[in-house]
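**Q** For 8-223, the entry in TrEMBL reads domain 'Radical SAM core'. Residues or ranges marked as [4Fe-4S] cluster binding site by TrEMBL: 22, 26, 29.
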Ligand code: FES
């Protein structure tokens, strides 16, 4: 492709989605709606090959996620193998059913970092959103994580149902001794896109939440880091999704599909290469999928002549697909896009309260979506 570097810079961040199995049912899960169609999982040895090849290419940060990575019996073995390869290893988990023995086992295996998600500051709401009684479990796991000397990272996905708890969520984080809190508003892909009208906060809710986040950022300076992210839909310019397609992040799905972003699977005619068929280096450097949005040859107007194209790379292609039906359009979050109205209309539609219940992420609901 013209305009592309001959050899792209290597991946730095590897996200190993070990499994789509999860005991929780969050209605904003970023896993594909039809995840039940991808039930075959890579074996331990296949994962080891992926880990080794990615490290040889230059990946340094490694996230184990899912689904729920704790479901995999070989998690400690994979952590230990990665540790020996020299990765900085992160476990991205709900913490559900994670006991002290598991925390010790993972520490001994060389795990560097644990990020626990919590759904709300109250048991009632947490357990409702998680679709599983898990609040007490998560809180005690958070304390154990701290006790065992990990950096204590709490992640709370915000949406219309819990954003009013912002202050209580931050007080809970202080109480648990969190070193870092990620308060990330839902982004609308996967299950969250399906539930968008029920999850989207109002402008007023967002402004109130931001004020509280700023207040705590000031008062907790030097004690607890707070990272607050607003939904793309309320921005005027798109984000540089994945730091630019095929520049930094490599995601491997449970069945071995290699993805430039966690949602890439939904792109039409997008033949995801599989690690069972190709090496990581072949996939990263030569596959059509990873080269698809590299450079700017693919861009249409207004991106093509935009002075910000080297900053945002046209935004998020999966969002462009979901909203406009064409992944090569500008991300309509951008107010320079002629289709920006799709975003503002979606906000208007979402704020007219709906009686539609949330669709929870579980196998029964997944089966209604076709591959
Ligand atoms: Fe796929 Fe943004 S999530 S490009």
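All residue numbers here begin at 1 and follow the chain in the order shown.
Cβ coordinates come from backbone N, Cα and C, glycine included.
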**Q** Long-range neighbours only, meaning 6 or more apart in sequence with Cβ under 8 Å: which ones does residue 29 ([4Fe-4S] cluster binding site) have?
**A** 22, 190, 191, 192, 361
**Q** Cβ within 8 angstroms of the Cβ centroid of 22, 26, 29: which residues besides those meet this for the [4Fe-4S] cluster site?
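**A** Neighbours found: 24, 25, 28, 31, 67, 191, 361.
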**Q** For residue 26 ([4Fe-4S] cluster binding site), which residues of its chain lie six or more apart in sequence with Cβ-Cβ distance below 8 Å?
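**A** Residues satisfying the criterion: 119, 129, 130, 131, 157, 191, 360, 361.
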